[in-house]
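Take a look at the structure below.
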């Protein structure tokens, strides 16, 4: 195994330090140190091969461990206050200098240390927050695009001179577009998150203004033009919804990946909550559709523009796993096809995403036959999402620290299935309990489901490492979007007729969703059972823990 071009398993040399250029991909200069006597012999300033940086080493004996003092400076005459980087590393085998940062690799021996452990300097960068915020904004707006028309389906149907089932196709086509573009998304994300973000920004901008062009008139709109724009925004969604795990992989360490992924991923349903709440306030009559679409188009433009200024990648790797070469797409497909644990997570994740998508798209149609208005249905959808976001905000940092992926899944999955099952009877409690029943069940469903989303997408990456996160994340979300479109079509077909009590109720659709949700419950509960406990290890975390990581800034350790 090599790290920055140095062979960690090679025996130490007894020769003094020498400079050599290696690993051109990173522009790294290595200074190869020897054993204790060689370290002593190599003490003093050493010129690196780039002729821009000097390295000073001195060694001292402390107990049974050898320590090396490392200073990065422009010249040997610099005072200690001018030292660019300085630290102590035990048992150094190789020293790497890159852009003012110190990278140390080699064998570590002595009491309390295992031979072969590598001490390497990695640094996280503050600029990572800019990309995180931008991905969060794009996920919010693309989901808002999805639910622009669903919360006001009755007004939209009159505006476009059609029926509600036809309006539902705006949501369905949006989700099918996700599946259609999935192979392209996997390829683009494999190259890095920035190309994916730029593609999404362009499609969001074009799709929103094309939608507005189709419904700018107060008297009525052109449904075909709006559908075309809706499909473009649907094509944009996978480029940002599947990107969080890829972005976290290269910009964050294992102490922050789950929380970062949670923020970016759950921004997507947060956008849906905004759509559920705000669009009904904008659209009171059919003619308001054009006004609502204009407002969303303006907001989407503001959110899309900063995408062109995000950095493509950190200057240096932030963790060992972030620079581990990922498998090719063909190799990844071969690995995942026979990976049982991947399927035990992929199938229930896709089903639960599909249930969320179909219920969110049809919520006003589910609740309106029982006497709820569009605002009350919108609040129910918002409770589902907001409670879920708050719960995930509390649980994600805990998962980051404890890495308790399996316990979280075993608790959350049954709660999701039971909540969907109980919701079958909640809309019909309007006369006796008002909005209390649907709101309480929506809160429980949101808390359990949303806490699971970052856990599952990150656990998929851990189980399949070094398969690229772009592959596992895109496939998981694509499965949910495809099934979500199918579930909406099936639910529309299950809607009762005008002679039902109440007319046009969707109880059969809720029963269908509950059956699918309950069928998915046993699958993830089987993870690690039947003698397969070794198959649920956290591969990416272990690759990071093989490296002792220290962050250096201004000459001191920074957490």
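Just so you know, glycine gets a Cβ as well, placed from its N, Cα and C.
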For the feature transmembrane segment as recorded in TrEMBL, pick the matching range from 91-109, 110-128, 129-147.
129-147
Tell me which of 377-396, 537-556 corresponds to the transmembrane segment entry in TrEMBL.
377-396
Of 69-90, 509-530, which range does TrEMBL call transmembrane segment?
509-530
In contact by Cβ distance (the transmembrane segment (509-530), the transmembrane segment (377-396); 3 or more pairs under 8 Å):
no
Under 8 angstroms for C-beta pairs, at least 3 of them, ignoring pairs fewer than 6 apart in sequence. Is the transmembrane segment (335-357) in contact with the transmembrane segment (129-147) by that rule?
no
So if I exclude everything within five residues of the ends of the transmembrane segment (473-494), which remaining residues of that chain have a CB under 8 angstroms from its CBs? That is, six or more out.
165, 168, 171-173, 175-176, 178-179, 182, 185-186, 189, 237-238, 241-246, 336, 345-347, 349-358, 361-362, 456-457, 460-461, 506, 508-509, 512-513, 516
